[in-house]
Amino acid sequence: MLGAALRRCAVAAATRAGPRGLLHSTRTPGPAAAIQSVRCYSHGSQETDEEFDARWVTYFNKPDIDAWELRKGINTLVTYDMVPEPKIIDAALRACRRLNDFASTVRILEAVKDKAGPHKEIYPYVIQELRPTLNELGISTPEELGLDKL
């Protein structure tokens, strides 16, 4: 999104420039130029952790979620620079179960392990928190399936 905002600013600046380019502009920037630069960098208020978690839990708890939306949500969630909270993963696993998509459950758990990176205590904590859900839904972890040895 930042790249698009910067491109919009560059295009706006180029359209305001004179015939000889930006350095030799015939017009002096007025108050609108200051407003334009502020708009290019404002993205609204920051989302709190609780709002972020609630947004994703709500997304995965949609009763009419389909397989494409599930995969899109998982892919988007994996791109963030963080390990999702267990309650988000719980909602995603339940959505997988509603859709009978076992492959996605394994993929989610593998992604969580990968996102934990060198912090070896995170993945066991997440599995510990998810153990009741995993047992309830009949989901095996990648380690239980022997996928960690491949």
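Backbone N, Cα and C atoms are what each Cβ position is placed from, and that goes for glycine too.
According to Swiss-Prot, the protein has these features:
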type    : residues : note
TRANSIT : 1-41     : transit peptide
MOTIF   : 2-17     : motif 'SIFI-degron'
MOD_RES : LYS87    : N6-acetyllysine
MOD_RES : LYS113   : N6-acetyllysine
MOD_RES : THR141   : phosphothreonine
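Across the structure, LYS113 (N6-acetyllysine) and LYS87 (N6-acetyllysine) are spaced 16 Å apart at their Cα atoms. The average pLDDT computed over the motif 'SIFI-degron' (2-17) stands at 52. Taking Cβ-Cβ distances under 8 Å and a sequence separation of 6 or more, the neighbours of LYS87 (N6-acetyllysine) in its chain are ASP53, VAL57. Under the three-state DSSP scheme, LYS87 (N6-acetyllysine) falls in the helix class. Cβ neighbour count for LYS113 (N6-acetyllysine): 20 (other Cβ atoms within 10 Å of its Cβ, all protein chains included). For the residue listed as 'phosphothreonine', applying a Cβ distance below 8 Å and a minimum sequence separation of six or more within one chain yields LEU109, ILE127, LEU134.
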